[in-house]
Amino acid sequence: MLVCGGAAGLAVGGYALAAGLTGRWPAGAGEVAVPFHAHLWDLVHGRAAGDVLFNWNSGYGVPFLADFFAYLMNPFSWLTALLPRDQGQLAVFLVVLATIGLATALMAHLLGRVHPGPRWLRALAAVGYGLCAWVLDVGGAAPMWLWGLVSLPLLGLAGDWCLRERRWVAGSLCVTLAWAGNLYTAALATLVAGLLFAVRLFATPRPFRHRVRATGRAVTMVTTGVLLAAPVLFVAVRAARGAQPESPVQPLGPSGVSAHLAQLLPPTHGGRPLPDVAIGVLGLLLVCGLPFNRRVRVRERAVWCAALVLVVLTFVWTPTVLVWHGLAIPAGGPYRVAFVLSGLLVLAGWVSLAHRPDRPTLLGGAGLVAVIAALAATRHSVPASTWALLGAGGAVLLAALLALDLRHADRRVTAVATWVVGGAVLGNAVWSGYAAIGAAPAGGASPAAVRAGSAAVRGADDWPNGRSDPGPHAFTTNDPLLLDGQGGGYFSGYLPTVAAQLLHDLGAGWTAGGRQTASVTDPVGQALFAVRAHLDDGPTPPGFAPGRAAAPPLVTVLAPGARPDTSSVWSRQESLLGSQVYDAPLPVPAGGPAPTLHGTSGWSVPGGGEATVFTATCTPGGTAYFHGVWYRGEVSGLGTVFRSAGEQPTTAVAIHRLGPVPADGVVRVALRSDVVSQVPARPIGCLRAGALEAAVARLSAAGATRVEAGGHTLAATLPAGSTGTALLSVPATEGWTCAVDGGAPAVPGRVLGMIGVPLGAGASRVSCVFRPPGLTEGLTVASGTAAALALVAVFDRLSRRRPAHVPRRERRRAAAAPEGT
């Protein structure tokens, strides 16, 4: 325990010191981790509109359980509840520190199980894992992925119990803990833990029967543990099926051997996407010395080296890189699981260190490190700090390790050498952490601006009568969670396609191919989603301007027989509104390079820098809007000039206000782009003066008189005898069932992606309930597995209490023996 605690303390202290020296939080956490943990704070303190099943804050209402499992199942995330809500960055930082500490402690313990050796050197070797380059570059901003750092040694310990044929039940629970904490990293950590199990199984001579028994225990242990985590697995799989597909990314280009070798050297950060696998100078020196360590049996050396080469090659060859990520390169980076290779490097290095490397081993390792550095320097930019660490740090470590070998019987020399190694390891870790955190781009909204935005959103809160939307102004990618509003912005790998497509079809913007949505920006869209208060972009400070507008309730009624018109964004909005409020004529080319009309699919606008001009005739006095969707270039019209940054299919641009329609009714828009680009067939829509106000008044009069929203329920009281379709301004995601006037629940219909409930001959109440798909099946499987595991545990306990079995022949011999013999 002392060794594990010491290892954890060194890793936590090193990371905290590195962050403190930079004077800022690790970059990236503010976009995803902090908003999700702010929402967890709201859930724990009873302030959230939704619950763990459903999220009323984001995407105008989306399922949440899969996201909860993906982003908030790190057990240390609950530390967030102990701090004030506005201390989200500190809370996430504490979660990261606690996770690093636990992972390092578990690795220190696992190293001792793999091979006995000097305990404090074991702690120092584990620090190389807890502060590997993946943690410094990626894990520090993603507590959900960081749980994988815990999973690898945890699963390694479970494998150790299989080899020793003990603690099968505890090992199964360890597998469950890993898989429930984060499916993505746990699945890949399980692969490497299985490789470690195989290495240990074949690195030393064992009876064949023992190998079969140990393998059987491992397979059944993993299977049982995964089945216990079935609720997480089933919900995640069902959510992934209905999620917006990941945007295509550029395929991996040839990086070269030298670029990959450079990632073994600390600290190397930035540049092209490459696996962050550095484990410090000590670990690198020991791993490189393993092939030369004659004190390690030849068979064991060969197995360890073969395993390392195998895993390293999978990080270099594109097909196997794809296998690591489910046959698709993730948009966030192709090497999200590089920590598994770092863990294997640390384990291999410890095998060498535990056998007390001698002079030939250390010199051979130093020579191999020099070769790696030389090869890396030929085609890769190696920073000066790397040469300093390799030169000074490597020399100090070589001297200390030589002293440990030559004077290992002298306790005073051993103690001094161990302190020197500890100082070098800690210095390496702090330096690498400082370089990684300091090199990351700074940015994000100021805490003062976020607090002001949160106060403005909560001050206008009127849920569930209407929404208080933090957009279209954006602080982060998840403002509704961060500011506790009810908006359309959301970034999630499980964002339902129906939600993303609904917002897209109604003129909202998106990025990341639809996995990151934004709030609607125009008044009609805001009315459709019952947005009564919102934040627009404004002058700094604070960078936003609060706005208010009349809006109908969340539940309105569409007239019987209404048929949606999907020919343009303007007609789709009018179909849901139930009134015609736009002039949306087909524009006429009026100057510049001639565009080409491709029917309803839109116009091709020539590139080259000269503006293409369109004109449209609208009712004077109205307000003109432009919707370019995928258009990339400059847009100017009615005194407004802005840059449209669309790029199909990754980035869609929201509806943009141009200005008042002039007295002659002619709206003139000029499009200037360097490349050929696309705009819809009817990109210009003119909102007629007073039309929206009249439509809102009609919907309010015929819509819900009372709306009640629970954690994952929504109910509305309608005027007696209402007919037609009750339209809920919520994306019609899978999992909803609705009942009319207390009748039998049924799956509701969809109206252009919103929930639509037929009212029949007349109704006065609609009530809907959401249940996450896959949860019931997952709980059933987990319950059955838990019952079986409990029976095994009871049987195991009883078998231990039962007296040892004595063969019948021995019992007869004992009975026949004379007394006193």
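For all residues, glycine too, the Cβ spot is worked out from N, Cα and C.
Please treat TrEMBL annotations as automatic predictions, because they have not gone through curation.
Look at TrEMBL and you will find 90-111 (among others) tagged as transmembrane segment. Listed as Cβ neighbours of the transmembrane segment (90-111) (distance under 8 Å, sequence separation of 6 or more from its ends, same chain) are residues 3-12, 15-16, 19, 25-26, 29, 33-34, 37, 41, 74, 76-77, 79-80, 83, 117, 122-123, 125-127, 129-131, 135, 139-140, 143, 146-147, 149-150, 152-154, 156-157, 160, 343, 346-347, 350, 354.
Sequence annotations record features per position, and here TrEMBL assigns transmembrane segment to 123-148 (among others).
Among the features that TrEMBL reports, transmembrane segment is placed at 168-197 (among others). Long-range Cβ contacts of the transmembrane segment (168-197) within its own chain (Cβ-Cβ under 8 Å, at least 6 residues beyond either end) map to 69-70, 73-75, 144-145, 147-152, 154-159, 161-162, 214, 217-218, 220-222, 224-226, 228-229, 232-233, 236, 307, 310-311, 324, 336-337, 339-341, 343-344, 347, 789, 792-793, 796.
Here TrEMBL flags 218-237 (among others) as transmembrane segment. Tertiary neighbourhood of the transmembrane segment (218-237): same-chain residues 65-66, 69-70, 73, 158-159, 162, 168, 171-176, 178-180, 183, 190, 194, 197, 494, 772-775, 777-779, 781-782, 785-786, 788-789, selected by CB-CB distance under 8 Å and a gap of 6+ residues from either end.
For 274-292 (among others), the entry in TrEMBL reads transmembrane segment.
Summarising the annotation, TrEMBL assigns transmembrane segment to 304-327 (among others).
Among the features that TrEMBL reports, transmembrane segment is placed at 333-353 (among others). Beyond the ends of the transmembrane segment (333-353), by six or more residues, the same chain brings 107, 110-111, 114-115, 117-118, 121-122, 125-126, 128-129, 132-135, 138-139, 145, 148-149, 152-153, 156, 184-185, 188-189, 191-192, 195-196, 252, 273-279, 282-287, 289-290, 293, 296, 300, 304-305, 307-308, 311-312, 315, 321, 324-325, 361, 365 to within a C-beta distance below 8 angstroms of the stretch.
The transmembrane segment feature in TrEMBL is assigned to 360-378 (among others). Only residues 6 or more beyond the boundaries of the transmembrane segment (360-378), in the same chain, are considered here, and those with a CB under 8 A from a CB of the stretch are 257-259, 261-262, 264-265, 284-295, 352, 386-387, 390, 394, 398, 401-402, 405.
Taken from TrEMBL, the feature transmembrane segment covers 384-404 (among others).
If you look up TrEMBL, you'll see 416-437 (among others) marked as transmembrane segment.
The list of residues near the transmembrane segment (123-148) in space but at least 6 beyond its ends in sequence, with Cβ under 8 angstroms from a Cβ of it, reads 3-4, 6-8, 10-11, 14-15, 18, 26-29, 32-33, 37, 70-74, 76-77, 92, 95-96, 99-101, 103-105, 107-108, 111, 178, 181-182, 184-186, 188-189, 263, 266-269, 275-280, 282-283, 286, 333, 336-340, 342-343, 346, 349-350, 353, 418, 421-422, 425-426, 429, 432-433, 436-437.
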